[in-house]
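Enquirer: The structure that follows is given in the form of structure tokens.
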Amino acid sequence: MTTTKAIRSAKLIRAYAVFFCISGTQLAEPSQGFQRTLYKAAGHDAWICLLLMAPISMAAAFFIAKTAGQYGNKDLYAIHEDVYGRWLAKLPNLIYAVYLFLMCLTIVHSYAEVVQTWLFPDLQGWLFAGLLCLLFIYGIIAGIHAIAGFATMAFILSLWLFLLMYFPLKFASIDNLLPVLEANARQIWSGVYQSTYLMLGMELVYFLYPFVQDKQNVRKFSQLAVLATVLTYIISLLCAILFYSGKQLTDTLWPTYTWYKVVQFPFLERFEVVAAAYWLMLVLPNCLLYLWCCTRGLRSVFGMKQQYALYLCCAALVVMIYLMPGKQNMAALYQVMRYIGGALVFLYPVLLFALVQWKKGRMRKTGGRAA
């Protein structure tokens, strides 16, 4: 459980860092190839799915920030202990810790495939994961203040990658968007469901909130992060639909990297290679945040030191990538993460908020004091 004294002795972060942590987490890994998935679901009307996803995501972000605000200096694991009791809380805490670890696993595996495809075809995925784990250990031991600072810097220094969407627009065909509203309700709903994976990352507010100095601004910046993410995804998806034909888009595994091939500079021949390498700046903060939250959960459940939990997670990460090298295995994991992530990030915050309100109301009636 996080105490006020422990937080005061730590280096607190500013609320604006929450914006960069959330939006950076949501944009880094899925934006490499989400266009293909959404186009398969809803065709050229896929952008409508993202519009519908915006209010759903903002509502989830509201409940997450509101619940965290009820406790101030307690993270999600401590909130579970208050709501369910010390022993019953171990189950939801373990579930959340496993979910956070699996999120890190999918990100590392996805980027390892990018590196193998565009940079080093002979590089083993487990070896690349092991090298990344050295960075994970270094970053997480430095603490959340360093992680949030790196996430902010990485987001700002990577903005130019999204500005390069201008280049494929020179070859855009507006006819690719017509006719509007051709997809039926089932296809639109399928696209909304597929887009749930894009918005995962809002749950980090549960863990960052106790370490924020100006807590009154967390809700505002978390909402802004969701809006920025949705807007970026809509622009990126529209660019892909305008640039590719329907068949090209469904057959292209990484539309973002592929359209970088049209980016030309007189001093650089293959810009997509540079973009693939630079994408590590976006991926690394995600893994640091997810692993940091995961190790705090393992500490809460098993009582182990966070540093030992970090070593355990890194070892498990390398082993699992070694045991699951095939794309089919990872595709199944992505599908599972959509179910788990959708439940934990969009449904569970509403339930937890209701439980917190019920408990606080009950304690007021009995003359007790809410935690």
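Every residue, even glycine, has its Cβ placed from backbone N, Cα and C.
So TrEMBL says this about it:
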- 44-65: transmembrane segment (TRANSMEM)
- 94-111: transmembrane segment (TRANSMEM)
- 123-141: transmembrane segment (TRANSMEM)
- 148-168: transmembrane segment (TRANSMEM)
- 188-212: transmembrane segment (TRANSMEM)
- 224-244: transmembrane segment (TRANSMEM)
- 276-295: transmembrane segment (TRANSMEM)
- 307-324: transmembrane segment (TRANSMEM)
- 336-356: transmembrane segment (TRANSMEM)
Enquirer: Pairs of Cβ atoms less than 8 Å apart decide it: which stretch in 94-111, 224-244, 276-295, 336-356 has the most with the transmembrane segment (307-324)?
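Expert: Out of the listed stretches, 94-111 contacts the transmembrane segment (307-324) most.
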Enquirer: Any chance you could find the range in 44-65, 123-141, 276-295 with the most Cβ pairs under 8 Å to the transmembrane segment (188-212)?
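Expert: Stretch with maximum Cβ contacts: 44-65.
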Enquirer: Restricting to CB pairs under 8 Å, which listed stretch, 44-65, 94-111, 148-168, 276-295, 336-356, is in contact most with the transmembrane segment (123-141)?
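Expert: Going through each listed stretch, the top one turns out to be 276-295.
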Enquirer: Which range wins on Cβ pairs under 8 Å with the transmembrane segment (44-65): 94-111, 148-168, 276-295, 336-356?
Expert: 336-356
Enquirer: Given the transmembrane segment (94-111), which of the listed stretches 148-168, 276-295, 336-356 has the most Cβ pairs that are under 8 Å apart from it?
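Expert: Comparing 148-168, 276-295, 336-356: 276-295 has the most Cβ pairs near the transmembrane segment (94-111).
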Enquirer: For the transmembrane segment (276-295), what are the same-chain contacts with Cβ under 8 Å, counting residues 6+ beyond its ends?
Expert: 21, 24-25, 27-29, 32, 97, 100-101, 103-104, 107-108, 111, 114-115, 118-119, 132, 135-136, 139-140, 144, 147, 150-151, 154-155, 157-158, 161, 201, 204, 207, 257, 306, 309-310, 313-314
Enquirer: Cβ under 8 Å to the transmembrane segment (148-168), counting only same-chain residues 6 or more beyond its ends: which ones?
Expert: 13, 16-17, 20-21, 23-25, 139, 208, 211, 232, 235-236, 239-240, 242-243, 259-260, 262-264, 275, 278-279, 281-282, 284-285, 288-289
